[in-house]
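For reference, the structure discussed in these notes is given below.
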Amino acid sequence: MRYISTRGEAPALAFSDALLAGLARDGGLYVPELFPTFAAPEIARLAGHSYDEVAARVIAPFVDASFPPAVLKPMLKEAYASFRHPSTTPLVEIAPNRFVLELFHGPTLAFKDVAMQLLGRMMDHVLTERDQRATIVGATSGDTGSAAIEAFRGRARTDVFILYPAGRVSEVQRRQMTTVPDANVHAIAVEGTFDDCQAHVKAMFNHHAFRDRLQLAGVNSINWARIVAQVVYYFVAGVALGAPHRPVSFVVPTGNFGDVLAGYVAKRMGLPVSRLTIATNVNDILVRTLGTGRYEVTGVVPSSSPSMDIQVSSNFERLLFEALERDAGALRGLMAALAQSGAFSPPARALEAIRADFDAGRADEAETLATIAAVRRDCGYLIDPHTAVAVSVAERIAHDPHVPQIVLSTAHPAKFPDAVERACGERPALPAHLADLMGREERTPTLPNDLAAIEAYVARHARAAEPAA
Ligand SMILES: Cc1ncc(COP(=O)(O)O)c(C=O)c1O
Ligand SMILES: N[C@@H](CCOP(=O)(O)O)C(=O)O
């Protein structure tokens, strides 16, 4: 399997090279040359296997010679051994034929751990094979950062620099990043929004001299390995609820579009997915795009689901590439319009292709908080604000009641105790391994919203230019 850039002007790479490359050198995102497919009997045979066994089968067609089964299988076993639930990603029925897929049983209490626990091991493996170091730069609206820090802390071959928007993540999220004492970890507060942080990360990749000198690598969902690891739980949940013998649908709390894109990939691989519903908070650029046909960036509005306070939805580019029938020139045109005027209008046939697979809905603040309260009252079940956005949309979107509807639960409620308490009067406690989080010492520089200042900081603290130990 080779990986090509959505912008069509970067060299095609093998999996391990795409894993370390992050953003393609033409500014695009890597995608597989083609989507591997599973026939219905192969999908049926996934039933009854553990999470890591299913992962080994789903991921195998995407990787290269660095990850033969003898490497990949134990790596997956070890990655998911850190999850606190024996099923890794269990399903809970909250209404007839409506299920919550709990993705937050990993070490940092968000769905990002599912991919990041694997990505950390994969990168370390390739860097060791090549006797290389890397400087990881990432942007976070709260959860990618802590998951990446947890996955890479203390690793000899990597330094991790995470940019987060100052004052725009929850206190638990911030402390999960800023209280990690390992010397290779740098959690940096940036005086801007998540979109600013993500733009700085992409700009560092597009600054080729800087990128090469520091041996930059990416752990955001610009990294294809993140997407692949997330495809697994769509198969796990779908098969548990009757696929391939019957279709299932998914409702996905969405910001940067990595998670719901993984659902689309699962569908392209043969999982019978009837609908993929994009659920957003008031930062609803994707809902507006599907509704009006115009992708138009407006200002970010802070919400009680801060991880989804995103306007520039990075992975939408991968979907557009597919919807444009992989016409990289056409995609470059849309991305140039976005860079120039903050907006573009996909051609009608691309929009039609997107609407054939996706629905979209949004939940405002009142709806989100009311949903937390209602689910607690009616089901005795506590959900976080991101999950609540999706449950709220799931309840309102047109849907075939015979098709199981799976709502992705992307974070543990204890990551957002203030919002949950405001909604239902109950303050969820952190699990035992984080019980003393609020008392731990923080370490976090604040930098201006300025690329040069951020690059200077990274260059001063990264060890990548030194020879590997
Ligand atoms: C808790 C939570 N829910 C939902 C999302 C949105 O996921 P994505 O960015 O993959 O669309 C995020 C951020 O990625 C998140 O941290
Ligand atoms: N919501 C995310 C934003 C970054 O998304 P990613 O999937 O591209 O890493 C976060 O919590 O940081």
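Yeah, the Cβs are placed from backbone N, Cα and C, and that goes for glycine too.
Database features, via TrEMBL:
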DOMAIN    2-80  domain 'Threonine synthase N-terminal'
MOD_RES   K112  N6-(pyridoxal phosphate)lysine
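Neighbour count (other Cβ atoms within 10 Å of the Cβ, all protein chains): 33 for K112 (N6-(pyridoxal phosphate)lysine). Taken together, the residues in the domain 'Threonine synthase N-terminal' (2-80) have a mean pLDDT of 98 on the 0 to 100 scale. Across the domain 'Threonine synthase N-terminal' (2-80), the DSSP tally of helix, strand and coil residues reads 36 helix, 9 strand, 34 coil. Annotation note: K112 (N6-(pyridoxal phosphate)lysine) sits in a helical segment as assigned by DSSP.
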